[in-house]
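Okay, so here's the structure we're looking at.
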Amino acid sequence: MSVEEGGVPGLGRHRQARWTLMLLLSTAMYGAHAPLLALCLVDGRVPFRPSSAVLLTELTKLLLCSFSLLVGWQAWPAAGPPWRQAAPFALSALLYSANNNLVIYLQRYMDPSTYQVLSNLKIGSTAFLYCLCLHHRLSARQGLALLLLMIAGACYAAGGLQDSVNTLSGPPPAAAASPMPLHITPLGLLLLSLYCLISGLSSVYTELLLKRQRLPLALQNIFLYTFGVLLNLGLHAGSGPGPGLLEGFSGWAALVVLSQALNGLLMSAVMKHGSSITRLFVVSCSLVVNAVLSAALLRLQLTATFFLATLLIGLAVRLYYGS
């Protein structure tokens, strides 16, 4: 299995098992994110500022990377850290920050269902930029696998889950009888295209940086997350009046921050030793975890569309990674 195929060449069986375990953990954390956020709700609303959660997540990642270098889990460069190599990570942090904010603005110009379906186009943009920037050609079989992955995401977003309470108790109440109609404005379509482009660019550019620099991953992450903390601190301070940094946080909210921080570190390892394509498969497979947890914790009901999406994801994995 090659790096581009999601594995690490030359690994023994034990280390390959650790790599597989890391991918499974990352998939589980991605899938648990939305259900954990739902458990944080108070009277149907998130009780803390979203910018606080993002800032604390970036800060947690920075602290964990610093700790790993201090205790010697990763070797510190013998000649000292080459600080000039930190500058390129500012662009990575800026791209990730722009992407996170675009997600919020997109909701103003389209309904959530349309966003969920069309946002799967970022799989195509990431694959295109991956081939263009990293000079890697995908076979027809691999291209078909990524196409199936996009279709699976769209199927899941279109109706993989439904409210089991409404299903069992009859017609929904009058307030929910008229859901937001499907719509997208021309500006929304433009912003969505920009979102997909930035999503692919941020992933591929960061992978390129991580692989080209001969530095410990923890040090590279310190560079990236330092810029991330500074950017999100500015966004948090400029977001206007609202709850304090830790106001409204519960045990569930702390678990969201910790899981997202750990997942960010796992994804950086995937980007350095695997590829952006591997990351796409992790995110897509996490839909299955998300659905199962939503059904178990939030009493949502799995639909036939979910099982179709699961089948397509399994087929895509087989096509891409099969011999």
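Cβ from N, Cα, C; glycine included.
Among the features that TrEMBL reports, transmembrane segment is placed at 20-42, 54-76, 88-106, 144-162, 182-205, 217-237, 249-268, 280-298, 304-321.
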Interface check, the transmembrane segment (88-106) with the transmembrane segment (217-237), three or more C-beta pairs under 8 A
yes
Under an 8 Å Cβ to Cβ limit, what residues of the same chain, 6 or more beyond the ends of the transmembrane segment (280-298), are close to it?
6, 23, 26-35, 38-39, 123, 126-127, 146, 149, 152-153, 156, 160-161, 267, 270, 306, 309-310, 313, 316-317, 320
Per Cβ pairs under 8 Å, the stretch of 20-42, 144-162, 182-205, 217-237, 249-268 packing most closely against the transmembrane segment (304-321)
144-162
Residues of the parent chain within Cβ reach of the transmembrane segment (249-268), under 8 Å, 6 or more residues beyond its termini:
22, 25-26, 29-30, 32-33, 36-37, 39-40, 47-48, 52-53, 56-57, 60-61, 64-65, 206, 210, 217, 220-221, 224, 279, 282
Give the nonlocal contacts of the transmembrane segment (182-205) in its own chain as ranges (CB under 8 Å, at least six residues past its ends).
91-92, 95-96, 98-99, 102-103, 105-106, 108-111, 113-115, 118-119, 121-122, 124-130, 133-134, 271, 276, 279
